């Protein structure tokens, strides 16, 4: 495998670059299904510097539609302006990761990779298929394989090799990131010292599968989806938008929606019209319309299907006996945290996981009115939990 | 207005007919929006006999995709075989309504009407538009107006007139039926003696509106929907099926889905496939597929939009001041019951309603693992509540 440095980048040296998108070529990935995915590239960013003994590496795993930009950073002096801007932009766990933050990048070498199948720089359905699959180099589209959480971990293991990381001091993630963190600790136990599973579970539940199915159908039933081979035409933005609306409601709480929006109309137009198409929207509809168009503007529908299917497939015990037997493979210490108002990844599921884990397990709760998204929003609380538990000074 | 007896029916006489579909012509309905809907017909069924003093009438209001067949009955001797079969078929509150049941049809004269805009015999989007709207008599389709819960009550008031019911001893309904029951007691207070609002609320919440929007978009984004004018082609069954999947998950509980289905695959096929389209389904997916095709086989997509929009519009206080001021118009006694595991109509919303109601209010809870659908499933519990409260012997 080869690490491909960004355009114009100097060879790795003493100048620290944080939050800059890079790519690693990891070759062929052997998938759980038996499918061999050739020519895989993983996008990733790093913050801080790997210690000579390699003991300070932290892997941060992003959630379903997340990207590699966990926190703002800084490109090397002289880097192109767009690279500087991208590095300095705020990230999705801004404040949790950075110099002096709970995950202190003056101390830890932090890595975040885009999941294989995603659309933030890693090989995914929108990537050109290799010549043996498509001599014309058209995108994978409908031919892109199913990826499991375990497959994603195997890809990231190759990235760890490339970065010279023997074992992670900590693997941490929320939601689908939590599923990946857990799967890391069980699939590659000798390379994980501590694992933080936030707002996630051991095995995707019937409820989570049901919502996943609805989201996937919303995309697949969009006439612009065309079975997944839509890259030469309009993207299925309406279907992806509907998928996001469904998901987004499950990510928040009914109480929060009530307090923020209630039944208030958006603007002046009456919500009672002669025909439904002629009525004004409610604020909560306008809010979800905004969430839908934001996602449709930044995410590829095929990648949404791939990562959603990966999450539906999440079962750390698959092929490994009972849940307890599966988890007994791991040898790290644990933080398991739930969001108290989460209605998608129920706190009870964190209890089930914590009860089945071996070794030292801290089961904690994030307090938030915002539901599942609390794992993103309540960064300061989570930081406090981390420094008290898996990142404490010994 | 005219009551239209079913084909071959005798004039009303001493022979009691229960659970037989009938129709009433109620003329033009003046809607909240100002739209005048001409030539409205309401489908309804009755059980039992109206007392000479009219004191024993009970109105049962159906839920979103419900019909008029609350319980089995019996057609008059000599009625056509299909009419007999239809009357004798089990209903959606079977056991709660019938001879000797909690709503005892040997004592009460029970009526259930299909909501205007529905597809079980009342005027709706699939009905032929009148000549002034469409000289060719094509279905209303996209031209059908928005109906509010209040509009539906006004239509049923005309049915009460036609049936000779001055005041209802009880109006009862669950979910959207509960919204209609509440609206009856507030819109026409002098015609309601008691009101039972089951698994419903005073004003549809942001959460309920959000789920309603997703369901409506699922239908509207189906290419077969064609803006609502699809009656000369294939129906938007995929969109309607997705709407049902979304709704159905909100109608059940995560715990029930977990206990019934977990992550179990449906059949032999592996849930990990080379491509998602090639993988086997989970049982919970198969279950939701079944719910989707069942509804798509029995319900019209335009009607789904009309009744869903009606429910989203539900606000008993619209134009009537505060919630307390609006409810102060009512003068009946009340049963307000929630299902303990309901995550769509939260028990808290029943508390809010009960606290704001005037007069004698009983706030009760149905115990069920099944979520919102518990209001349908837990008929015996509900019957017990009714005979202890609003139907008790004085």
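For all residues, glycine too, the Cβ spot is worked out from N, Cα and C.
Heads up, TrEMBL stuff is auto-annotated, nobody curated it.
These features come from TrEMBL:
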type	residues	note
ACT_SITE	A:175	active site, nucleophile
ACT_SITE	A:342	active site
ACT_SITE	A:372	active site
BINDING	A:244, A:373	substrate binding site
DOMAIN	A:57-376	domain 'AB hydrolase-1'
Check your understanding: Nearest to residue A:372 (active site) by Cα, among A:175, A:244, A:342 (recorded positions)?
Key -> A:342
Practice item. Give, as a single whole number between 0 and 100, the mean pLDDT over the domain 'AB hydrolase-1' (A:57-376). Key: 97
Review point. Taking the Cβ of residue A:342 (active site) as centre, how many other Cβ atoms lie within 10 Å?
Key: 27
Exercise for review: Express the distance between the Cα positions of residue A:342 (active site) and residue A:244 (substrate binding site) as a whole number of Å.
Suggested key: 17
Point to revise | Pairwise Cα distance for residue A:244 (substrate binding site)/residue A:175 (active site, nucleophile) [Å, integer] | key: 15
Revision key, fill the gap. The correct three-state DSSP answer for residue A:373 (substrate binding site) is helix
Point to revise | For residue A:372 (active site), the number of other Cβ atoms found within 10 Å of its own Cβ | key: 27
**Study point:** Long-range Cβ environment of residue A:373 (substrate binding site), under 8 Å and at least 6 residues apart
**Key:** A:251, A:252
Review point. Does DSSP give the residue listed as 'active site, nucleophile' helix, strand or coil?
Key: coil
